[in-house]
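Scroll down for the structure; my scribbles are underneath it.
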Amino acid sequence: MKTSHLIRITLPGALAAALLASQVSQAADLVPPPGYYAAVGERKGSAGSCPSVPPPYTGSLVFTSKYEGSDSARATLNAKAEKAFRSQIKDITDMERGATKLVTQYMRSGRDGDLVCALNWMSAWARAGALQSDDFNHTGKSMRKWALGSLSGAYMRLKFSSSRPLSAHAGQSREIEDWFARLGTQVVRDWSNLPLKKINNHSYWAAWSVMSTAVVTNRRDLFDWAVSEFKVAANQVDEQGFLPNELKRRQRALAYHNYALPPLAMIAAFAQVNGVDLRQENHGALQRLAERVMNGVDDEETFEEKTGEDQDMTDLKVDNKYAWLEPYCALYRCAPKMLEAKKDREPFNSFRLGGEVTRVFSREGGS
């Protein structure tokens, strides 16, 4: 009798198994790549004094564009406008850079003072409701998503470290994560439902900030949105590996193709460890884009032919602009030439990706 009962409930075996797998996948906690579980370094010396928290930015997010007055290519900087922009966003960038630096110092040295300082900085901004203004322009909502990616990416190292540094700071952790969740929800509103002609690297960076926030706050809805935005991006990559909306940047087209890669590679790496393989989206679009960029760095002629402009290589001479190579080469078996390019530029440290990218994707870090 028991046997027949078992047979009856297992008759639709394949369907039942598929449904069960789907339910388990949906129920599973979101996780980062393995390197984020790295233990805190052994304590070395004592922490210095905690710098003053940058004033929480609670004002309007209407900022001057550094390209103000430029034509539709948005490729020529306006020095006067850029100076105004840098002044307007100083507290935000000080917060991004400073908090990321404090987390990095703590993870390296294990000095409790650095941890306490980093958490005090973030909780101060959380309690103030910083960066939540509904009054914003394109530049302002761009700053919101960049800051969220920087701060949640750095905080993630504390959240998932096997040393459990946040265990004694439950109240502050809850404040900070609730703030990240509010910002993540706002970033989704800011960057949803754009026409394809308006979707470019900004949307990709927004998706990275939401992916990072999704993992920190275990929000499956945010994770799904980030994945959907990646798919839009992947389907913008043409057969030759170009992004048409970045080709519009003319002399900065190659630089902006490269700038599109860090958020996309990070999203793909985070999706992969959560059971979503994005590598084959649009017939391997991410790989086509990466190879097009690295070929362009070696010889920009193809970009010059596409845009009719000599390429501005200034940004491409900065090693950290290639931080995307770490998550990318964790996803793909990188060719020797690409591995050599990565090795020549390491270690990568990008505050917009949460700090020490090489460390969290290195074999020593656990990946």
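Each residue, glycine too, has its Cβ placed from N, Cα and C.
Residues or ranges marked as signal peptide by Swiss-Prot on the basis of sequence analysis: 1-27.
For the recorded site, Lys66 (substrate binding site), the DSSP three-state label reads coil. Swiss-Prot lists Ser65, Lys66, His138, Thr139, Tyr256 with the feature substrate binding site, giving sequence analysis as the kind of evidence.
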Same chain, |i - j| six or more, Cβ under 8 Å of Tyr256 (substrate binding site); the result in sequence order is Asn200, Asn201, Leu243, Glu246, Arg249
Thr139 (substrate binding site) has its Cβ surrounded, within 10 angstroms, by a count of other Cβ atoms equal to 19
Should one count Cβ atoms within 10 Å of each candidate's Cβ, the binding-site residues Lys66, His138 would be headed by Lys66
In all the protein chains shown, the tally of other Cβ atoms within 10 Å of the Cβ of Ser65 (substrate binding site) is 18
